[in-house]
Amino acid sequence: MKIILANPRGFCAGVDRAISIVELALEIHGAPIYVRHEVVHNRFVVNGLRERGAIFVEELDEVPNGAIVIFSAHGVSQAVRQEAKERNLKVFDATCPLVTKVHMQVARASRKGTKAILIGHEGHPEVIGTMGQYDNDKGGIYLVEDVEDIAKLTLRNDEDITFMTQTTLSIDDTAGVIEVLKQKYPAIQGPRKNDICYATTNRQQAVRELAKLSDLVIVVGSKNSSNSNRLAELASRMGVTAKLIDDANDIEVSWLDNVTVIGLTAGASAPEILVQSVISRLKELGVDKVEELEGCEENTVFEVPKELRIKEVE
């Protein structure tokens, strides 16, 4: 048996930045540091930060007045920002800049009173935060997950309408939804460039190539990670057995029956250390060769807030 590694895989720039913000806040200010929602959707990462003194909460009422709080990479609503301000919380914002870009699109629509349609998964924290950028009773924001939801929309064609998307969606599914949306509302406006982020796009393309070569695709990522789920779904749609695992302990020996080539990748919030532990476990189970696809190079870097940049000693 051999493993073929997808490339790129694992951490994206937004996740790197979010984790660095928590680590630097702990280093500079000391524990406890409060984090609203899991900073990224990965159990290993969250547990590691918790051990270092990060306290993860779902709502700000769990944070003492005046404390330091970090907003997760998924972003928050304007109401959450206002609550933090009113309670004098010291905020470090780990919202991915590419999510912030979508927030700005929604805020612009809100200011103009333009009706906004967000394509995304109901209940996902990124979607909740993005919907929460709209604050204009003269307009409105509407969530659609699939083409069936579009049929339920009752907006008129003579209204100003714009759309935007969650950043971690399936490229193929979203393209289909946008096509139907444009058929129903021919004058609808949208972003010049797709809101699905570069990392989601690159990792899905890498899995597309990986699935062509594999008998089994293993995706390292947590069950609540949107982009990790999309990778497993994509491989499965291409006719390959796909498994989403948190770590090497989730691997079942029976998966390897009649398998010659294992494709291995990781979601954007899964660290490389987990990939390496999976490789080690698979070697114990008979893998004797590891290859890596060439893939595309990623060089995107997002800076942490200036208050957290540690100056080098001269």
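For all residues, glycine too, the Cβ spot is worked out from N, Cα and C.
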*asked:* If I go by Swiss-Prot, which of His41, His103 binds dimethylallyl diphosphate at the same site as His74, His124, Ser225, Ser226, Asn227, Ser269?
replied: His41
*Where Ser226 (dimethylallyl diphosphate binding site) and Thr167 ((2E)-4-hydroxy-3-methylbut-2-enyl diphosphate binding site) are concerned, what is their Cα separation in Å, rounded?*
10
*Listed binding-site residues are His74, His124, Asn227, Ser269; which of them have CA atoms within 10 A of the CA of Cys12 ([4Fe-4S] cluster binding site)?*
Ser269
*How many whole Å apart are the CA atoms of Glu126 (active site, proton donor) and His74 (dimethylallyl diphosphate binding site)?*
4
*Which binding-site residues (His41, His74, Ser225, Ser269) fall within 10 Å of Cys96 ([4Fe-4S] cluster binding site) by Cα distance?*
His74
*Look up Asn227 (dimethylallyl diphosphate binding site) in the DSSP assignment and report helix, strand or coil.*
helix
